[in-house]
Amino acid sequence: MRLLNANKEDGRAFIHKLVNRFQAFPEKYEESVREIIKEVKDKGDGALVEFTRKFDCPSFSREDLEVGLEEVERAYDQIDAELLKAIKLAIANVRDFHEKQKERSWIDTRPSGAVVGQLVRPVERAGLYVPGGTGGETPLISTVIMGAVPAKVAGVEELIMVSPPNKEGRLHPALLVAAKESGVDRVFKIGSAWAIAALAFGTETIPKVDVICGPGNIYVTLAKKILAGEVGIDMIAGPSEILVISDESANPAWLAADLLSQAEHDSLATAVMLTTSEKIAKETVKEVKKQLKKLPRKDIAEKALEDYGAILLVEDLIQATHLANLIAPEHLELCVKDPWSLLGKIKHAGAIFLGHFTPEAVGDYIAGANHVLPTMGCARYAQALGVHVFQKKLSVVGYSHEALCEEGQAVIKLAETEGLSAHANSVKIRLEK
């Protein structure tokens, strides 16, 4: 893992690379993603089966697309009681957090007698994408919970989950249990960009949804980006990112563990630390090398650190917060003596983790805050997955004759100034005696 100075040429170049990281991915992959989308739109289920046979399960058939009730019931017998208990605790915490996000409908009557307000309504059908993990053997249970629970809290009637099968054509039983416990209504065994296209357009078997949520690799991310408008999307949630701000009070072994926790996700992941302490920086580099050797996903983490991994020395914590806001990371850890003193200075981050005893992993699994977060700088304008993704606000307007008499002349004046005479006339005709 490289050690750089944020105030020297090599450090500034790396920061520039981070700030512009989104531009590094799309062109390389976008053409193939567009071809996949076209295939699904034209061929429906046939394309889904073809892609799944090619990339996931050679013996896959159309009959394998949807998970049956018996398969879900069997899944409960295939996981241990401790895991089921952990799943239920995570669901309870996530539900509690997201219940507080619910917005209310309201109606207000103005002095003129005009009635205005908004109705909050859920989308009818939502799609949840859950990555398959390594060959389907590392189930991303937490992603099921993080997507499904907010959707159901919002009031979504039908929640469709998609996830790529393993080479035997099955989903991990823990995924199915998490889906059932979280309120998922139907589960389909498809992944990557073709799953996103199927949810966006609908096929003979897969229902068309109103909005798609969930993280994924660059193919999933680009498919969502391309299809936004055809279907609602939650955000651009691509390869994982962590930015750690540390000072001399931090523990290098803990810092290294946190950086590697994101680097192991994806070879395109970002793992960066900004520190005021050269001693901490050097010791963390040593710890990363030491811990990396023991990781089962060593090759993935090594590639991520090679491309988007670095420890950068900064002048002070103020510069660190300035750079953090410039980078707008998915996960931001404040591993400093007084994290609360920095919190008010952070403007752009998907999620913020305070202090030495709050590794990013607690947010991934059990804290209750959502772990589906904007990446690649999108935290400058986007936010965590939440109830808002699955709800719409419908404006309500009601005028009486008296209210229109009082405010109608303003409508007429504004409409005529804009050259929209029919607009103006729609009010005039109601005010004629």
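Indices start at 1 and increase along the chain as displayed.
Each residue, glycine too, has its Cβ placed from N, Cα and C.
Not measured: the values here are computed from a predicted model.
Looking at the stretches 62-89, 202-229, 258-285, 314-341, the one that TrEMBL records under the feature coiled coil is 62-89. Annotated substrate-binding residues in TrEMBL are GLN262, HIS265, HIS331, ASP364, GLU418, HIS423, and among SER240, SER246, SER395, SER400 the one listed with them is SER240. HIS265 (substrate binding site) falls outside any helix or strand according to DSSP and counts as coil. Put simply, of the binding-site residues SER240, GLN262, HIS265, GLU418, HIS423, the one whose Cα is nearest the Cα of GLU330 (active site, proton acceptor) is SER240. Mapped onto three states, the DSSP output places HIS423 (substrate binding site) in helix. Cα of GLN262 (substrate binding site) to Cα of HIS331 (active site, proton acceptor): a distance of 9 Å.
Within its own chain, SER240 (substrate binding site) has GLN262, HIS265, ASP266, ALA269, THR270, GLU330, HIS331, THR375 as residues 6 or more apart in sequence whose C-beta sits under 8 angstroms from its own.
By neighbour count, meaning other C-beta atoms within 10 Å, the densest spot among the recorded positions HIS265, HIS331 is HIS331. According to DSSP, HIS331 (active site, proton acceptor) is assigned to a strand segment.
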